Amino acid sequence: MAVSTIHDITDANRDGTPDNFTFHIALSMLGLVLIALGTGGIKPCVAAFGGDQFQEHQSRQLNTFFSVFYLCINARSLLSTLITPVLRAQECGIHTQQQCYPLAFGVPAALMVVSLVVFISGSGMYIKTDPEGNIMWSVCKCIGFAIKNRFRHRSSRYPKREHWMDWADEKYDKLLIAQIKMVLKVLFLYIPLPMFWTLFDQKGSRWTLQATTMSGDFGAFILQPDQMQTVNPILILTLVPIMDRLIFPLIQKCGLNFSPLKRMTVGMLFAAMAFVAAALVQIEIDKTLPNFPSSSESQLKVVNINNKTLNSNRTSLRYLFLYSSADYMTLDHQNITVSLNTNPVITKAFSLIKGGRQTLIIPSNPTLMYLVTLYYLFCSFLKVGCEYYFILTLNPCLLESCCLTAVLLVSHLRRDFVLRHGEQWCEFSQKFGFGASYTFLIPSTVFSTDSKTEVEDMKPNSVHMALQIPQYFLTTTGEVMFSVTGLQFSYSQAPKKQAGWLCTNAVGNIIVLIVAELGKLPKQWAEYVLFASLLVAVSIIFSIMAYFYTYIDPAEIAAQIRKEQGLEPEEKEKETLEIEEKDEGQKNDQEVKQTKI
């Protein structure tokens, strides 16, 4: 990924643009494939591997591990969200200086190598279980054999079996069959869970897009829309210890049975409330957004610097001064004729574009009136912490006609400009608003009078990003209850396999694409309400499924099967371990209670 972003590799003419985009795209795709393969190797194993380091009697320490594990994940999320944009904002390059994406990808790659070395260096201290081969293939074959065998013995003369997987015991080990039963039982419970991730993962997409229409000026600092996501890991680092050490123990002391599945249900409801909060914020944003024309309409704004009345064949307009001009007018026709009450009267015909905004500028020399088509550029994801000093070179003929000479992206609230023409020059400072669009009309007398005319084509964002904090708080609370608990539940109820839990996340992302494509709702707030409603419905279904779920102990079931198969040594070893645990637990009443549980 880092190498794919180095433009200089194929930039033979040194213009800052790669000459062979195929090469860079191919490298990017290769990088994404490698990331997918690496993620597939790490994520299903890392939580289970950590859980393997604890003995059966260390249930409290095991739960603490999963909380700390989740804290570590969000600590790196916080650091990457803060540091990566800063690295990206640096300028680097051999021939042309551009945003340094190679550094933004290269630093994490180097840190990953360091982490790998550290992880391997502790290899001797780890408890390692022997590899079991391709467990997925064994499971699939066992399930396939059970289905086939059940179909062959579908006649009523064959006695029924307790579970349909029991039809595989003629060929496969009873322990494998029992483990498959556990997995299938948990996977059935996972069916509604992807809906949570459908909502949760939108904080990195739709919520970030929502932030681009908001103001990130916090006074002491300016927050970029993509940096608003740092609120989530900050809240995670705060809420996980509070939940683990205060809230959950307090609920338990109150005598309430707040089981893992109940926690997950409450977490889903919190995520739904977060999207209701996002919908309320979106309604406030919509009140401030400009009303753009449809594909069959045109919008026109008149800037009349000339002190004369302007008339049109469509409507009467009076703009004696720039600052008294109204907002854009929406027209359902494209051809207009305007006339200026001069001596003689000046008349001109214009053809407007459909679905766009245009400004009719009437300078001090009315014979030079013209239309300007405005292209709105949003600078939400640009560089942070860099100062710029623009030099605009103006053509003499453009100076006389007051024409727009440059389109600039501005990433700071205040910028300094220098206007230069030959030996003449002047400078001015201007404050901008996030999301706004401005037009500056610079007359030929600017160097002597230092006068300029400012037109605000689009008003700045007025809704503050701080209004997103409640929805981040709600979704993070839901995440702590749902995700951390889900990791613990998956490990405790299935034979140490985490891949199924991770699949719920992947399916959730697919649901986002399907719902967003089929929904086609005209308003963003309506889509937020739709997702919240779907999650509430799913959480009700999940709560009903959880009510009928019976918790199991995979280790106890495995030990019972081994005993039935005559594997006494392991059973005796287990009994010896339990005796040792009980003796040790007499030193501490709390440990005795946990051992009995």
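Just so it is clear, glycine is given a Cβ too, placed from its N, Cα and C backbone atoms.
Automated prediction, rather than curation, is the source of TrEMBL annotations.
Quick look at what TrEMBL lists:
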TRANSMEM  21-42  transmembrane segment
TRANSMEM  62-79  transmembrane segment
TRANSMEM  100-122  transmembrane segment
TRANSMEM  182-200  transmembrane segment
TRANSMEM  266-285  transmembrane segment
TRANSMEM  360-378  transmembrane segment
TRANSMEM  390-411  transmembrane segment
TRANSMEM  469-487  transmembrane segment
TRANSMEM  499-516  transmembrane segment
TRANSMEM  528-552  transmembrane segment
REGION    565-597  region 'Disordered'
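Same-chain residues lying 6 or more positions outside the transmembrane segment (182-200) and placing a CB less than 8 Å from one of its CB atoms are 139, 165, 261, 264, 267-268, 271-272, 274-275, 475, 478-479, 482, 486, 489-490, 493-495, 497, 500-501, 503-505, 507-512, 515, 531-532, 534-535, 538-539, 541-542, 545-546, 549, 552, 554, 557. Between the transmembrane segment (266-285) and the transmembrane segment (100-122), fewer than three CB pairs separated by 6 or more residues in sequence fall under 8 Å, so the two stretches do not touch.
Same-chain neighbours of the transmembrane segment (100-122): 1-3, 5-6, 80, 83-84, 87-93, counting only residues six or more beyond its ends whose CB sits under 8 Å from a CB of the stretch.
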